[in-house]
Structures are given as structure tokens and as C-alpha cells.
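*Asks:* Below is the structure I would like to discuss, written out as C-alpha cells.
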Amino acid sequence: MAPKSVHPLLISLLLPLCLTLSSINPHPLDPLTPSEISAVTGVVNSSLLGSSKSLSFHYVGLDEPDKPALYSYLANPSRATLPPRRAFVIARADQQTHEVCVDIADRKVVSDRVYQGFGYPTLTFEEQVEASALPLNYTPFVESVKKRGEQMKDVVCGTFSVGWFGEAEQGGRAIKVQCFLTGETVNLYMRPLEGITVVVDLEAMAIVKYEDRLVVPVPKAAGTDYRASKQKPPFGPQPKPVMVVQPEGKGFEIDGHMIRWANWAFHVGFDARAGTVISLASVQDTKRGALRSVLYRGFLSEVFVPYMDPSEEWYFKTFFDAGEFGFGMTASSLQPGNDCPKNAAFMDGYFAGRDGQPIELHNIFCVFERYAGDPSWRHTELAVPNEVITEARGEVSLVVRMVSTVGNYDYVIDWEFKMSGSIKIGVSLTGILEGKATPYTHADQITADEHGTLIVENIIGVYHDHFVTFYLDLDVDGSDNSFVKANIETVKVADGSSPRKSYWTVVRETAKTEADARVELGSSPGDLLVLNPNKKTKVGNNVGYRIIGGSAASLLTDDDWPQIRASYSKKQVWVTAYNKSEKWASGLYVDESRGDDGLAVWSQRNRPIENTDIVLWYTAGFHHIPYQEDYPLMPMLSGGFELRPSNFFESNPLIRTKPFASTHWPNCTK
Ligand SMILES: *[C@@H]1O[C@H](CO)[C@@H](O)[C@H](O)[C@H]1NC(C)=O
Ligand SMILES: *[C@@H]1O[C@H](CO)[C@@H](O)[C@H](O)[C@H]1NC(C)=O
Ligand SMILES: [Cu+2]
């Protein structure tokens, strides 16, 4: 029997209904879809900016709903409580920076403001590509290449933000271009054309300054290539294939942008500047039955990378990889098997190109259950007569991974959710060092400070830092939280009441205002906690999470220009009062910024932070002294930190977890 055809009238009746339902369906925190991006940039184009010839989009993203509005929607999801869906746009038109807020459903500009302060928005890909191409047709540069005996066909150029070095006048939008050689290799960063710096005016898209200061031999190509196809025997160590098998399938569920796994539920968003945005992370409490809120919103806020060579070609290399280059825009497509395990699921991201059209970033998130055969807890008990008790549980966690490739470097950012209630944020560095060409071929020839390590003949790996700062709006069992330092202090036993002469104890200190919550890690021992002062466990401890890290802080002097721009990098931990617009540690406009906006400036207001909505900021910092193994491409260097429940649960939440079924040992007789 043929299926009954649907009456045309019925279709027209059904259609509006479906549209209404699907318009509620996206989660209010979902990133803008490609069609929303087009709609938003279209609205901006046809509004007051439309008359401009030079309209370019530098940022288009979700203007997330106000927190109270979102919470009341989530408590009672309906059309009536759905907060308005808005986009925040930063566009340049007629050499002015506009901040535009657009209502997506109404297709209307809600507000438009011209930004008058210092600093410029994130650079677009397109303008960097155009600027990089300029030297190739610039006669003095062509002469410089000829003078070095090299061929133009091998030259590729890259862009470097100019920074700010105390100039009183506001400089125009500019970028520096430096060039490299490929030839027999694709590893251009190991073959710099040292000594040449080109300055490009980005508004005029023209070279405004050219300098060929010194000629240094171009390092050789041999040994720099990292492609498998270019390697010759003897080959490196080769493991047998390893695979994670999930006989019952994946244990997680992706519903739009919501992910549920084991005892966790959270939302994964994408932002052109931040990359991964984790929201509404909540953990199930087996004893209480309910999902309890942990992290309202968390994302990478900035990556500050100052190099330590003060010479003409290097002093300005003090990058802000999120604010200047866009950590989301630079996300790489991931491959199962090498970037992520084969059991991973993948998700895409979208951002607006300079012309406002959506650009797809394919497979930039991978989500997978990590299992490495480790125990999550174990114990062997020998003290019980006539019994040997051994109990162990396997550790499985859920990872959301993104890799951002900002020029030479690759940053692997993992958000790992553990059944114990911990969230581990992994920050790993790989990719290629920025090499400085040098005449030296042996460390014995070097007599002065060359600001780096000779990693191969004619290449210095220059000293530098990576300060990766995270925004962590913890809402531990609710929004009103406090920041507590559990300081460990030595106590002397002076009265002879014990054979001991000393012990340590814990002295707790609740931060009253923002000034009390600027912490340099390692300056004194103890734990740092975000507590809910209004919620207690049964035995009366305040529920909380603590942050476990260990991380470098900036060593530049306070009066150094890059340090003024990244003044927050002197302390690894800050706590601020929640303010929706305070998201970017180095300020909203970072290119050529002057440090007049950002985390340290907000903290100077010294707002009260006790028993209120607070944001924790954590910087995972690395001092990077290069070593020879970092050449020609560095093995992954991993760091990060953990947000760990601390009196949050009544007891170890994994005790009632069943062990994996015992294994049949193929080669054992017993
Ligand atoms: C803006 O609109 C005009 C006219 O419709 C169009 O020609 C132009 O390409 C648009 N520009 C952008 C940046 O979208
Ligand atoms: C929120 O932060 C912005 C940027 O720092 C500031 O201009 C504004 O006054 C703040 N709002 C409140 C209510 O503190
Ligand atoms: Cu490094």
C-alpha cells in the first residue's frame, strides 16, 4: 500500500508550528549558526555602516544572555522566559571601531557605539594574508633576497603584531612582516631571513617602513622537515597500534551543544576569540540525586607570549594570541588516531570572515572518553586476618579538546571531566620554535648573551614565556561564593608540652575585596578555594572547589611596555566580582593596547568579593628555555591545573562505582 499523501493544507498548518518549536530549540548559549552570522553581519552592513566602503568585521559572537535571565529560563524553559538572542559585533568602518549589538530574531541593531580609546580589535585573517604578500612585490625586499643569494620563489612571509612601546601618540593600525625560506623544507620557522623588518600600514595596506639591518646566513634546510614522507631511515621508535575499544558504544551523548556523560552535564560553545567555551557544568550528586552547579562559564581568556631578545628584529615579539590573533579563529581540524583517539566524536565551529560571511572550521572539537588503564582509586588491605582485600576502580574521564595553531605554535587545550568531580584543564604546547638565525655553529663560539639556546647550527631558539589565562566563573552550588586561602603555617611548640618542636596548621582567610585575592603561587603554602558560604555538608564544612596548579609568573619589570599591557601576568590567581562585560584579561582591544583595560585594572576597583558572584582567573604559565629536542619541531610539553571538589561531596563519590568486569588473563595459568 502506498503511503497516504499529506494534504497540502496540513503541511501549511504544520510548518509554522515546526518553526516555532525549532526557534526555541537552540540553547541560549549556543554559538551563532552560519545563517545567524550572515543575518547579523547583513544587519550591520545595511545599518549606519552600510554607507562605508571599508566595512570589515573583526569579531562576531554571541552576546550571552544576562545571568539572572538565563538562570530563570533554565528553571522554567518556555518561550516566555527565553532571553533575547543577541550578537556582539566589532567592526571597522571609515577607520573607526564600532561596537554593535544586534538582536538576531528582530534583525535590528540594539546599540552602536564608536570606541574612542587605545588599542584595536583582533586582526582579520584576510588583512594578514594581504600584508604578508606585500614584500614579495617590493623592490627593496627583492634586492635584499638577491643580496643573500636566495630565490624569491622560496620566500614566504608572516605577520607579527607591533605591540606598544611607550609612544605617546596613538599609532595607526600596523603590523610587522618578516620573511622566511622554504626551499627543500616546509619548516620555514627554522629558516628566517634575519635582519629584515617590514612595517605595513593596515588601513592603507601599504609598506610604510623597510629595514634591512644585517645579513645573517640563512640556516640550512636539511634536517628541518617533519613530514613523514620526507624522513629517511633509520626511523624513530614505532609503537604497535593501540586502540580504545568501547564494546557497548560511547558513554556520552551530544545533544546540540549539550553534553552528558557519567555524572556530568555541560554546554560546549565556540568563540572566535576564546575557542572552547564551557558553560553550566554541573555534576550529579549520587546521594542527593540532583545536578549541582560547578562552573557557570569557563574559557581561555588570553595567551601572552613575550620573547626575551631585546634586539631590533625581536623586541616587539610580545604576542597576545587570543586578543590579537583569535584563539578560536586559529583552531585546527583534528584527526582521529593522532590528534584524538579513534573513539572520539567531532564538532565544528563557525566565525565571521572580514566580509561578514560565515567560515566553517571543520572538526575542531573532539570529544572522547579517555581510558589509559589507570586506577581512579585502589587499596590492598593485609591487616584483616585470613583475608587479602584488594579493591580498585578504573579511571575513565571525558575530554573536550581543541587545538589552536597560532603561526608556529600549536596549543592543545583540554577540558577533562572526571567522575570524582574534578575538572582538569590541560594546556600543552607543541609546534615549532621561533628560530633566530645566527652565524654561530657551536656553543663554544658564543661569548655574549644570545637570548636563547643554540639548537642546531645557525639557529638560536629564543627564550620566551607562555602565559595562558583562563576565565573561570565558578558557581559552586549557586552564584554567591567566597574565595578562601587556606594558609599553611608553621607553629612552634615552645612550652615543652610535646616532644615535637614544631608542626603546621591551617589558618583560613576569606578574601573581602579584590585586593585580597591577587595570589602569586608558591609565595606561601596552602590551598586556594572557592566556597559557598551558604551551603554546608552534613558535618558542617562549607561546600567548595579548590584550584590545584603550579605555574610560572612573568619576570619582566613592571615598567616594561609588554608587562604594562599584561600586568595581570605577575600573579597567577585573581578573583573579581562578576561583571558580564569583563571577559578578556588583557582588555577588549589588545592590538597596540596600553594596559588601560583588563584584569589588573578591574581589580584596582577593589570591589567586595565575599559571598557574592565571583570570577576566578588562573594563569598557566611556562618559562620556555628551548632545548635541542625542540628542534625541528617540539614534542608536546604539558601543563595545566585542576578544579577539585573540596568538601563538596559528603564522601568519595566513586566508592559506589562498580569495578570493570575482571579480565581473562590470556597467558596466566592461575
Ligand atoms: C554590504 O552591502 C553592500 C550592498 O548590499 C554589498 O555590496 C557589500 O558587499 C556588503 N558588504 C559587506 C562587508 O557585507
Ligand atoms: C562592568 O565592567 C565594565 C568594564 O570594566 C565597566 O565599564 C562597568 O562600569 C562595570 N559595571 C558595573 C556595574 O560595575
Ligand atoms: Cu615555547
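Backbone N, Cα and C atoms are what each Cβ position is placed from, and that goes for glycine too.
Features from TrEMBL:
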type	residues	note
ACT_SITE	Asp321	active site, proton acceptor
ACT_SITE	Tyr409	active site, schiff-base intermediate with substrate
DOMAIN	27-113	domain 'Copper amine oxidase N2-terminal'
DOMAIN	121-218	domain 'Copper amine oxidase N3-terminal'
DOMAIN	244-654	domain 'Copper amine oxidase catalytic'
MOD_RES	Tyr409	2',4',5'-topaquinone
SIGNAL	1-22	signal peptide
*Asks:* Just to verify a number: CA distance, Tyr409 (active site, schiff-base intermediate with substrate) to the residue listed as 'active site, proton acceptor', in angstrom, no decimals.
*Replies:* 10
*Asks:* Among all protein chains shown, how many Cβ atoms are found within 10 Å of the Cβ of the residue listed as 'active site, schiff-base intermediate with substrate', not counting that one?
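*Replies:* Cβ-Cβ neighbours of the residue listed as 'active site, schiff-base intermediate with substrate' within 10 Å number 22.
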*Asks:* DSSP secondary structure for Tyr409 (active site, schiff-base intermediate with substrate), reduced to helix/strand/coil, please.
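*Replies:* It is in a strand.
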*Asks:* If you average the pLDDT over the domain 'Copper amine oxidase N3-terminal' (121-218), what number do you get?
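*Replies:* Across the residues of the domain 'Copper amine oxidase N3-terminal' (121-218) the model's pLDDT averages 97 on the 0 to 100 scale.
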*Asks:* Measuring CB to CB from Asp321 (active site, proton acceptor), give everything in the same chain under 8 Å that is also at least six residues away in sequence.
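*Replies:* Non-local contacts for Asp321 (active site, proton acceptor): Glu302, Val303, Phe304, Val305, Phe327, Thr330, Ser404, Val406, Tyr409, Tyr411.
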*Asks:* Run through the domain 'Copper amine oxidase N2-terminal' (27-113) and tell me, per DSSP, how many residues are helix, strand and coil.
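*Replies:* Split by secondary structure, the domain 'Copper amine oxidase N2-terminal' (27-113) comes out as 26 helix, 30 strand, 31 coil.
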*Asks:* DSSP on the domain 'Copper amine oxidase N3-terminal' (121-218): how many residues come out helix, how many strand, how many coil?
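*Replies:* Residue counts in helix, strand and coil order: 28 helix, 29 strand, 41 coil.
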